[in-house]
Each structure stands twice: as structure tokens, then as C-alpha cells.
Amino acid sequence: MFSFVDSRLLLLIAATVLLTRGEGEEDIQTGSCVQDGLTYNDKDVWKPEPCQICVCDSGNILCDEVICEDTSDCPNAEIPFGECCPICPDVDASPVYPESAGVEGPKGDTGPRGDRGLPGPPGRDGIPGQPGLPGPPGPPGPPGLGGNFAPQMSYGYDEKSAGVAVPGPMGPAGPRGLPGPPGAPGPQGFQGPPGEPGEPGASGPMGPRGPAGPPGKNGDDGEAGKPGRPGQRGPPGPQGARGLPGTAGLPGMKGHRGFSGLDGAKGQPGPAGPKGEPGSPGENGAPGQMGPRGLPGERGRPGPSGPAGARGNDGAPGAAGPPGPTGPAGPPGFPGAAGAKGETGPQGARGSEGPQGSRGEPGPPGPAGAAGPAGNPGADGQPGAKGATGAPGIAGAPGFPGARGPSGPQGPSGAPGPKGNSGEPGAPGNKGDTGAKGEPGPAGVQGPPGPAGEEGKRGARGEPGPAGLPGPAGERGAPGSRGFPGADGIAGPKGPPGERGSPGAVGPKGSPGEAGRPGEAGLPGAKGLTGSPGSPGPDGKTGPPGPAGQDGRPGPAGPPGARGQAGVMGFPGPKGAAGEPGKPGERGAPGPPGAVGAAGKDGEAGAQGPPGPTGPAGERGEQGPAGAPGFQGLPGPAGPPGEAGKPGEQGVPGNAGAPGPAGARGERGFPGERGVQGPPGPQGPRGANGAPGNDGAKGDAGAPGAPGNEGPPGLEGMPGERGAAGLPGAKGDRGDPGPKGADGAPGKDGLRGLTGPIGPPGPAGAPGDKGEAGPPGPAGPTGARGAPGDRGEPGPPGPAGFAGPPGADGQPGAKGETGDAGAKGDAGPPGPAGPTGAPGPAGZVGAPGPKGARGSAGPPGATGFPGAAGRVGPPGPSGNIGLPGPPGPAGKZGSKGPRGETGPAGRPGEPGPAGPPGPPGEKGSPGADGPIGAPGTPGPQGIAGQRGVVGLPGQRGERGFPGLPGPSGEPGKQGPSGASGERGPPGPMGPPGLAGPPGEAGREGAPGAEGAPGRDGAAGPKGDRGETGPAGPPGAPGAPGAPGPVGPAGKNGDRGETGPAGPAGPPGPAGARGPAGPQGPRGDKGETGEQGDRGMKGHRGFSGLQGPPGPPGAPGEQGPSGASGPAGPRGPPGSAGAAGKDGLNGLPGPIGPPGPRGRTGEVGPVGPPGPPGPPGPPGPPSGGFDLSFLPQPPQEKAHDGGRYYRADDANVMRDRDLEVDTTLKSLSQQIENIRSPEGTRKNPARTCRDLKMCHGDWKSGEYWIDPNQGCNLDAIKVYCNMETGETCVYPTQATIAQKNWYLSKNPKEKKHVWFGETMSDGFQFEYGGEGSNPADVAIQLTFLRLMSTEATQNVTYHCKNSVAYMDHDTGNLKKALLLQGANEIEIRAEGNSRFTYGVTEDGCTSHTGAWGKTVIEYKTTKTSRLPIIDLAPMDVGAPDQEFGIDIGPVCFL
């Protein structure tokens, strides 16, 4: 049963499902189908083509191939027009029975000649003729272009010649040649299709009559006839067996208030309590007397260095330092704007031979050649005029049978044929009409009892039958089902008080009581002895930085620093405008710190600067060495109270102090957690009888007996609910004094004393904890990428995708099996009634038939596929009907047919003599109620019923008297005393700790207010049976209850003893039996008549009203537990639970307010490339999401007693509403994250372009992306250029050291050498930053390429005596590097422009002995080519040739 809250969830899900509904549904009539623009109704069958057959099944088109029968044994099979399967033209469609074939008729005349067939298809083309001779040469073309254009055309020119000859344009076409001679005639065409068939011949004479057919199938059994009228009423049966025990008595009255229970046994001493927590530090003690002045201490060790002062003013400029060494080459810059076009260079040397040019245009036709040999025959010409008729040729071979012609006109009827032989037996005919009823036959011999038939359909209600003989007494019926509980009776008078029961056994030990309230604070204890000095406290927090000192003198210039390593290549910035001439270069990176100079003189103190903002806390530094102790300073002014320190570890227990006076009683503590269930108590005395078992199935009711005497009153009802707890008993004796308690917490601090004189120097303290970190230093360089974290727990299952598009139609299924035979037809109308037959002898009793109602017909099966089309028989003309043949010989006697349909019921016969009583049959299903019979005479008084079941529990008793006070418990063991806490200011109130085990019992409290009733307790173990109490007075009869549902059958009870016979009822008058009139209105109740004769047994009456409860029966066996009662009223709210486990990390909070403005940054790298081009084609559709991760509402179990409805309990609803609201909030947050990703590891974006679109104001930087979506564990960290939307992936190792990587055995032989493939220490370049998984990056790059339209990458080649691109000596690009793309394509410096890279700086053109660099840039729309994975220089191999590589990030847009 859904609640409305669940339906809200469903609505949410349904709303999202609706999004996925297709929109292509057409409004076609329900169940019809459309194919090729034609509409078919449901169950229509059609053939879209000859060999396919289709059926429309409730809107679905099912098609199947027509399966043809094998015609391999038919030499001249034909396929009729519009059909699929071949048929034998000379096979008659009707079957021939070999034993009586008819005589063959004479052959018909040959039909007239058919029309001439259509011309055959044209023959294949002949082989083409030889080409014609070339035409004459054309006139010369105009002059070619000037020499300046030569380099553009230089596919190949001679190195020795200075210029180049360029062919002119093509001349005009020559004149058309003469037509060629005619070709030879073509080969003979294929044979045309056969002509139409001739008319059919006249039909042959009719064959002889076939022999008689086999006997037809036996007809189906007829339906059962209507039942006869009911017989007359039989005489009354003997008295029925003793009735079942009456239903349970009404609930007893409310019991008297119970006596107070005996005092409980004295409890065991409680376990020792846990060691107490150290007390909170006391307040300062009263000031001590001033001590004598101490000796001056030794000079302390230097203190730790103070925090950095504020930045001083700039010093005067120092003297210029010596120039540092040349720094390493910076990362490659981004491509500059194209320079102005240079002047034409000197003509280069002749290049190597270029590739073969594309095929030229065809030349002008040559002169006509000599005539070629005769060509193959040409295509057939038009048919010539018809020639004269030739002489008849030899008869040709018979042609293939032509296509079947249309049926000829029907020929004249033939003469009647001779009389045929007897035909085959015909198929069984349809059932004839019912014949007239025959005369009744003589009674047959009594047959043996037939087998049990199936149970017929239930007949219509019969008329009353004649009275039967009295039947034998039935077996005692099973107990009837228990009725519904009656309405509450009027409360009976109060019973006499029961005897006081013997005291019960001691119950199990109770669960520990709630902890007592904490006692009030005790009086302050006597002042303790002065404690030994505490260990030194932790260092205080660093104070605010002091005022800035005056500027120091400029220090001497440091020595030049060592050369730093080259930095990682930066991302491409946007292209900047051309700048003005640059300022002098920036100062070099600072060198390592020089030796410490001599300290300058202190400047005078400046004015106090304002305190700087607190820097973020740095990570904790390592423990420094302890400093020398400083001089003892004067005490400073009291600082603000520090934050509470972490609790110290537990100290060693102190000596036991003198016991303090008992404190006043504290406030009540939090209730402890529920204790462990105690061991079960000893078995109690046997309890009272359990509730009666479920009633057995209801037996057939006996004839009603006369009402019995009123039974003795029912048992007193079960005791009422437990009364409220009695008032607390009197206070118990005071317990023995406990052992000495732990020392009290130190008293509150006294007022502060006067400052004493400085004491003697103390021993050096233990080194204090390191102080808090100073303000943060300048940001360090970016660290190396960390190792990948452990794989997180798998995320929740991803949302299921939207429903996919419907699949294509499946292959047509195989041909369906033949459908089931249809349901049997209805029985025909009954014939007229025959005369009454003589009564037959009584049959033997048949064996009882198996029970079972006749099943109804099943629903019709689904539409089968259409069967294959049958062969088309050629229609013959129908002959005249032959004379009837002589009757065939009589067939063999058929086997006995199945039983015919039951004839119509005859008039009721005279009653036959009574047969012997049959064995009792199985209990039939109950028939419909007959008309109510006349009331029977009252039977003899029934035996008194068994004593009724114990009544329901009475009302709750009144509150009991207070119990006696229990004896005082033994004092618990002394707990260990807590360690003395360090003295400090009181900490903030901590959260309540977990409840400790129960302490010893407190003194008796004042009586509390009466609590609300608690929840029902769990059922206790079954007690022993109690003694029977005295009978109470009878209760007033209750109103009859509604009948209850039939329970499962209980065990039969033991038969009760026979009760005393009751007095006979007053006699009634005997009424004459009148005909049954229509039911009149209910009359007033008549007076009791005189005793009549004993009447015949009446029909079964309707169930009477519930009688008054009978006397109590003997106790039944323990019944099963009853169904759970309805839930009680909601109890008071429970105590606060223990603190839950820490929740999961919350979702990231909203972005905080912008921080303060940072310092001006250093000059940034060169800007990114220019604005993006026009938008690319739309990307692939994004994956949908679904809501399968919604939490399913928990399935509520129904109580045994009936369904539990959600709205029955408002608190449940509130909780579930809260749960739904929380789910919806979480869901909307998740959907928001899907729609607007944040680029974090937990919520990665798909590409930087997505981030730019969702968060256009975010800054460029590193973000996480997950192009393949799904689980975010394989997300990768990239740089997002937020101005362009580019996604840039760094290489794993961006810098390849500058050194000699390759020594060639033959340095003069120059060839390209791949760095990763061939060089011994080389490697192919990988991407994704340090610590990333290469497999994850490879997959993500594949998706990134698919979603991008353009990719760019720069590579810087650092060279020493190695040419990278242009060779200065030769002026060509032969020694230029090769690059290998991600799809293993080679990218070159020259050649096809799609596979060539460019350079933005070329400093590696010659061997100068100095380091230079060339910056290569490759930009492509074929994103699969990037990133670059290998590089091959050519100009390497000599010992003085060195190189290094900086690999830039690959950026996708």
C-alpha cells in the first residue's frame, strides 16, 4: 500500500521517465498495423510479396517466409503467376486412392497455337572495337608563364640548368574522325519466354464411385443435464453429537487491587566503578606569602628565534655584483605573429627529384590509324520486316513449359459417365438435428458400475426431492471456527476477593537502574599540602610580530648562484600584441645564501606597526634542538586565556586524600545505555491455561438440540493490566560507610598574591613544545605530483541510462504450432419428455469419483503465424453428378463409441425401493441454499457444552500500595583515585561521555511523579499452571458478535462426558403441512404451542445467533500464540541516544567570499593563442542519467493482525517526510553537480570547455576532468585555459636532459634516429603528469580527441652542433627533425601540408659549438595525431653533437 509520501517519490521518478518517452507514436486505430503505407486491421493476413506472408497481431506485424513443398519428383513443376511455390501441372489436387482409381478419360484436343511471345531481352554488348588512329596534331599553345613562378612548379628540375621548362596549356580538340565500319552481327539471343498455355481440354468422364468411408469419430460427451428437483424432506435424523465448546467468555471484571509484593532480595554489590576522569583544574589558590628574593639565575640559553619582523624599507642599492653565468634556456615561447615577407632569397640548388606528378590531361587525338581487325558482334539491330514463310523445319525439342495461361472458358458439360465404383468412405458428417424421441425400450440388464466421471458443471438449483429415509448418524463434526469476539458485555458484579497467593519465586535480577543525579558540590576540603612543582607548561603561542626595525645597511653582494634547472614548459597563453622594446632583463634567480655577514648595529626602534593579518597555520616543523636557557625575565602581564589543551594522558594515581564530607545530591544524570540482558530467572510456577488453539474447520452442523441448562459461570477473566507502580517504600537502613574515597578535586583558586621577589634560578625546564608556526613564507615552487591515492570506495551505482531506441524488428519467428481445438459447442435443446419408464433395479454403488471441479476453457491462444500458402489447383469444369452407386458392404462393427450426450430429463419416476446406504462420500462443495424448510420439532436437550475459554484480560487494576523498602545494598568497591589534573583554567563543558556501568545504589529518593505508561514489555516465559480460582457469578449475556473468518482446522478435542439430560421442552401443536407459499412478511413471535409429534428433520437452518456462553469446558491444549495486538499508544520520547558515528564528509560548501587582493604577480608567460575559431559541429549526445540510485523506500512488513498503514503513526510520517526531503535535496545536489561540474577530483568536468561554459569567470589553472564520464576514479588533472576553453595535458616528463644521447658507428652516414625507439636511453613520451596511470590517461585522451575539433602542441629542441630544421649550409630542410604522432603517423618539415609542422624560432641551423634551440609547433584538426610520442633528429651521432628536448603540453579545443 503506497503512502502519499511514496507517491511523491514515484512522481519524481515518473517525471524523469517521461523525458525518455519516444515522440513517434502515431494515432493509428488501436491494434491495426501499417506497412508500405497500407493499413491492415488486427488479425488481417496479406502477402507483401509472393514468398512472404504477414499477419497483423495487435499492432505488431509478424512476417514469415512461405515454405514450399519438395517438388523434386515432379519434372515439369511450374510457379503460377503471383505465387511462390512450384506446382506439378499434371498432378490432380484431390488425392487418389490407389485401391480404386477411376478410369482415365480420353485425352483432350490440342489447344490452338498461342500468340507469339514478346521479344527476348537484348544480347550482351560486344567487346569494344580497337581504338581509332590518332588525330592530326593541334596548333601550338600560347607561351608559358614567366620564370618567377618556377619554384612553385618545381616538382623536379635539373640541378645544372638555371631555369625550368614548363609545358604550355593543352591545344584544342582535333576534328571528329570518320565513323567506323559496321561491326559483325551479334551472337544469337537467348530463347524468349514460353508462350501462353492453350485452352484446357474437355473434362474426362466421371470416375467410378469410391468405396464407403471409415466410420466417423465418436461424438464428444454431452454436458451434464440439469439436476432434478430436490426430494421431499426426510424424517429427522438421530440426535447429533455433542456440540463444540462455546466461544470464549466475555472478559472478566477488573480485578481487585493486588497485595503489595514481598520485599525483593537484597541486591548484589555493584561492580567497582571505572576510574574517574582527572578532575578539572581548580581555580587559583589563595596567594602564598611572598618568598625571599632568589639569587640571580645563570644566563639563559638563547631563546628561540622570534617571528619575522615586518618587512623593512628597501635598503640602498648595493654595489653591482659580478655577472652570473649564463642561465639555462627558458621554455619555448609561443609562436609570434608572422613577420613581414622577406625578400626573395638567392636561387637554391637543384632539389632532389620530386614525386611523380599527377596524370596529365589527355592529348589531342592522333591521325587516323589503319583499319583494325573486325570487332566482336555488335548489339542486335531493330527487327527487320517479316520474311516470307519458310518451309516447315524439323520439329524442335520440346520447349520449357511456359508460364501458366489464364483459365479458358468453361467447356460444355460432358455426357454423364458410366456408374462409378463405390467411393471411399466419406469424412464424418456434421451432427444431425436431434431426432424425434423414440419409444422407451425395455429396461436393460444392470451394467457394472462405470468408472467415475469428471465432476460435471454445477447444475441449476433442483426442486425439492421426495423425502429420504433417515440416514445413519453422521460422525462427530470437526469443531466449528471461532466466531468474532462479541461486543463487550456489561460488567458483571465484582467477584469476591481471591485468596492471597503464595509469594512468587524471586524474579530475575532487574536491569541496572538509571544513574543517579550527580551530587551537589561538597564543601571545600581542607587545604592540601603544597604539591611538588609541576612540569613546565607548553610554550605559549607566538606573540604578534614586533615593530619593524630600521633598515639595515646593505649587505655585500652574494656570490653568484649555481645555475638553476630549466623550468617546465608553460601553457600557451593568448597571442599578445607586438610589444614595445623590452626593458633590461630581470634579475637572475637568487643564488644560494652566502655566509652570514657580521651583524650590523641595531637601529633605533621604529614606531609600532599595525599587526599584520594572521597567516594561515603552517605545517608543524620538526623538533628543533633545545636552546640555552635565557635569563629569567620579569613576569609578563597575564595573557588572554589559551584554548583548552588536549586532555593529558592519565597520570599516575596520587596518594589517597582524607575523605571529604559527603556532597549534596547532584542533579539527575543522563540515563545509561540499556544493560546487557540478565540471565533468565528460575522457572516460575506453572501459568494459567494458554489461549485456546485455532478452531478446526467447521463441521456440518447437527440438528439443533434443545437449549441446555444454564452452565456454571465462566472463569474469572485474566488479571487486568498491571496497575501503576506503588509509591516508593520507606527508606531502607543506611548502608555501611564506604572505604576512603579518592582525593577531592583541588579547591578553587584564591586571589592572586603579590608578586614575590625573583626566586633562585630553577633547573632548566624540559624543552617546550615547538611554538606555532610563524607567518607563511613566500610560496615555494610547485612540488612534484604526488603518487596516486588509494582507490576510493566504489561510488554509488551510476544512473541507469535513458531507455534506448526500440530495437529493429526481429526476424520473423518460426511457423506457429497448430492452435488448440476450440471449446465444445453448447448442448442442443432438450427433446420432448418421454413417458415414464419402469423403475430400474438399484445399481451397485460406484466407487467415489475423484473430486475436482471442471476447469473453465482456457483463453484462446495467441494468433499463430499464417500457414504457408497451399498450392493452386487448376480449376477443372465440374462434371454432371453421376448416378448414386449401390450401397457399400456393411462395415465391421465399430468399437463402442463414447457415451452420448445426456438426454433431456424425464418426468420424475416413482420412488424406487431404498438402496442399501452407500459408503460416505468425500465432502462435496456446499450446494446453494435450498428454500428454508418448515421448522423441525425441537431435538432432545443437548449435552452441556465444554467449559468456555478463559475470558480476555480484565481492565487495568488500580495502582498498588507502595512496596516495603529493600535492605540497603553493600557498599561497592573503592574505585582507583583519578590523577591530579594539571592546574589550568577550567575548560569548556565537554560533551557527555558514554554512560558508565551503574554505580552503587543512592539513598532512597523522594517519590517521583507518576510516569507515563511504558511500552509493552517482551513476553515473559510461560509460567506453570495456577490453581483454579473459585467460580465468579455469571456475567450478563453479551450482544452477538459478527462471525469471524474460518480459522485453520484445530485438533479434535477429547470427547466430553455425557451431561445430565435436560428437562423436556413444552410441547408444540402439530401443524398440517401446507404447500409452500411465497415468503410472507415476518410475523410477530407466537406463543409457545403444545408439544407436537416429533417432526421430520428439517433442512439446515441459517446459522443461529451466538448463544450465551456455555459452562467452562475442560481445558484444551495450549493453543498457538494469538496474532499481535494493535500497537499501543506511543510511549514518551526515549532518552537521548549516544552520539552517532561521525557522518560522512559533507558536500563541498559554497565558494567563500573573495580573499584580500594578492600581491602583484610576476610577469606571466606569453599569452595564449588568439580567439577561438567558429564553433565546431555539435558533439556526441551526452549520456542520460537515471534515478536508480534513489534510496528505495523500505518495505514495511505487515503485522500478523493486518496491514500496517503508514499514516497510522504521525511520527513515522514525519520521519519519512524528513527522509524524502533529505533524499530530494541530495538528489537535486547530485543533479546540479551533473549539470554544472566543479572540476574537482570528486566532481570532475568532462572537458575544460564545459567548465568555461558553466563558470566563465573562473581563472585558468589546474582542474580535474573525466572525459569518459562514469566512475571518477580515473579522472585526470589538466590545465584549463579559461580564456579559450582549451584542455591542456602535460607530459609525464616534460624535460629531457641536454647531453650526447647517441654515438653513431659511422658518423658520416646521416639518417633519422628515433629517440624512443633507437637511442639506448631514450623513451617514448607519455602524458598525464607525474603519478598518473598511463592506461587511464590513454583512455581519457581518446575521449578528449573525440570531443575536440583542434589540437596543438609545441616541442623545443635544444641543440649543440645539431641541425633541427633549416640547414644553414645547404639552405634546405633535409636534416629537419621527424615527429611521430599518437596514431604513429610521421610529421615532417616539408611535403604534404597536412603532415608538416612549422617552427616559431629556429636557433639550430649550424654547428657553432654553442647551445641553441628550435621551437616546433604543430596544429591540426585531425586530433588523433596528437600528442607527439617520439622525435627523430638526423644531425646527431658525433661525439660533439648534443641535444635535449622540452615537451610542451598538448592542448585540445
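In case you wondered, yes, glycine gets a Cβ from its N, Cα and C as well.
Bear in mind that the values here come from a model prediction, so they are computed numbers and not experimental data.
The feature signal peptide is assigned by Swiss-Prot to 1-22. For 106-116, 1082-1096, the entry in Swiss-Prot reads compositional bias 'Basic and acidic residues'. Annotation comment: Swiss-Prot describes 131-143, 320-334, 910-920, 985-995, 1031-1046, 1166-1181 as compositional bias 'Pro residues'. Among the features that Swiss-Prot reports, compositional bias 'Low complexity' is placed at 162-176, 187-206, 307-319, 350-361, 368-418, 463-482, 527-581, 623-664, 685-722, 835-883, 890-908, 997-1021 (among others). If you look up Swiss-Prot, you'll see PRO182, PRO197, PRO401, PRO425, PRO533, PRO545, PRO653, PRO671, PRO788, PRO935, PRO998, PRO1133 (among others) marked as 4-hydroxyproline, on the strength of experimental evidence. Positions annotated as O-linked glycosylation site by Swiss-Prot: LYS254, LYS1097. Residues annotated as site 'Not glycosylated' in Swiss-Prot, with experimental evidence given as evidence: LYS1022, LYS1085. If you look up Swiss-Prot, you'll see CYS1248-CYS1280, CYS1288-CYS1451, CYS1359-CYS1404 marked as disulfide bond. The feature Ca(2+) binding site is assigned by Swiss-Prot to ASP1266, ASN1268, GLN1269, CYS1271, ASP1274, with similarity to another entry given as support.
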Candidates ASP1266, ASP1274: member of the binding-site residues with the richest Cβ shell (10 Å): ASP1266
Could you state the CA-to-CA distance between CYS1288 (disulfide bond) and LYS254 (O-linked glycosylation site) to the nearest Å? 86
Nearest to CYS1404 (disulfide bond) by Cα, among CYS1248, ASN1268, ASP1274 (recorded positions)? CYS1248
Can you tell me the CA-to-CA distance separating LYS254 (O-linked glycosylation site) and CYS1271 (Ca(2+) binding site), as a whole number of Å? 67
With a radius of 8 angstroms around the mean position of the C-beta atoms of ASP1266, ASN1268, GLN1269, CYS1271, ASP1274, what other residues of the same chain does the Ca(2+) site pick up? PRO1244, PRO1267, GLY1270, ASN1272, LEU1273, ALA1275, GLN1340
Which one is closest to ASP1266 (Ca(2+) binding site) in space, judged by CA to CA distance, out of the disulfide-bonded residues CYS1248, CYS1280, CYS1359, CYS1451? CYS1248
Quick one: Cα separation, GLN1269 (Ca(2+) binding site) versus CYS1248 (disulfide bond), in Å? 14
Which residues of the same chain, at least 6 positions away in sequence, have a Cβ lying under 8 Å from the Cβ of CYS1280 (disulfide bond)? GLY1239, CYS1248, LEU1251, LYS1252, SER1260, GLY1261, GLU1262, TYR1263, ILE1265, GLU1286, THR1287, CYS1288
Measuring Cα to Cα, tell me the gap between CYS1451 (disulfide bond) and CYS1271 (Ca(2+) binding site) in whole angstrom. 24
Go through CYS1271, CYS1288, CYS1451, our recorded positions, and report the one whose Cβ sees the most other Cβ atoms within 10 Å. CYS1451
Pairwise CA distance, ASP1274 (Ca(2+) binding site) versus CYS1359 (disulfide bond), rounded so that it is a whole Å: 38
According to DSSP, CYS1451 (disulfide bond) sits in strand
Provide the three-state secondary structure of CYS1359 (disulfide bond) computed with DSSP. strand
What count of other C-beta atoms do you get within 10 angstroms of the C-beta of CYS1359 (disulfide bond), across all chains shown? 29
Under 8 Å by Cβ from ASN1268 (Ca(2+) binding site), same chain, sequence gap 6 or more: ASP1274, ILE1339, GLN1340, PHE1343
